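Per TrEMBL, the features are:
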ACT_SITE  190  active site, proton acceptor
MOD_RES   190  N6-(pyridoxal phosphate)lysine
Ligand SMILES: *Cc1c(COP(=O)(O)O)cnc(C)c1O
């Protein structure tokens, strides 16, 4: 029995219960339609996401991880090329570069956003650099102006791993559309989550979108025509697309609910500064647009805190326990040699607290009470 004293890191149980009739009818419709992957519902989802984000083109696929591979490969990134990515991000930002046949180069991040530090990127640019991939982590965009300007100055492609960034806009433009292309993740815990995997490439670049579509799925396997490209065959399920279409309708309400809960965390945790802090960038030249994916905090006693919260029934996640430059599969690359002190500190200090629309105020209070107790402070 769940009570307000138990706080799972993620739960969609309340929403699932609320939407059970709609979801049951979607399953029935798709099951009887005989079309299960990349058909009419997926096309409808692509149109709906284009309308929501303002993108001219969208290519749905199996995950944001696949969308990153499609994006880089469709843009012609491949063997011999280097791609600059943050040292502190989800694994797929860098593994997609490897799957495209290129090499990741890890640059440091800024302490107030965990997004690429333009100065560190500048130091990472070399003769083989082809592109920069900015990542928008947790609740805010990277410094898009500075990073895109830097890419333009050096004649590099600019991409965004906007997997966590649906709903985020900077300067009136949706995340993912500041450079050649971006990606969205519909992993169940993400701001717009499916009931399984799903992802999408978004872009205003028609050529890139066409090539990504060919790479996603060229001619069907049983077709007589030979295939021109070694495609990924990354399908988006009709069922997931139907779930996402339903959830897209309440996305802005869900984002507002996330903001309400985040503000509650911020107010309740403010007295714990500087022991507990949340990185938030002063959005100097952009209207602030925070979209809260998780509630991230930094604290020196991170691992001890994670155990204490777990012992008290509160789920947390360590995003991310080590920098990508330290991952065994990347650390021997020449691109893993730059100093990344801010990423190192984040990997030691950052921990994500539960934040999702189904969370209650009482649950947020419970987490905050425990944080106060842990840090031995009077409330
Ligand atoms: C979740 C995430 C991904 C991968 O998304 P999937 O859809 O699970 O493949 C990539 N990059 C970042 C920054 C993410 O948070």
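Note that Cβ sites are derived from N, Cα and C of the backbone, with glycine treated the same way.
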For the residue listed as 'active site, proton acceptor', name the DSSP secondary structure in the helix/strand/coil scheme.
coil
Looking at Cβ-Cβ distances, which residues of the chain lie under 8 angstroms from residue 190 (active site, proton acceptor) while being 6 or more apart from it?
163, 164, 166, 293
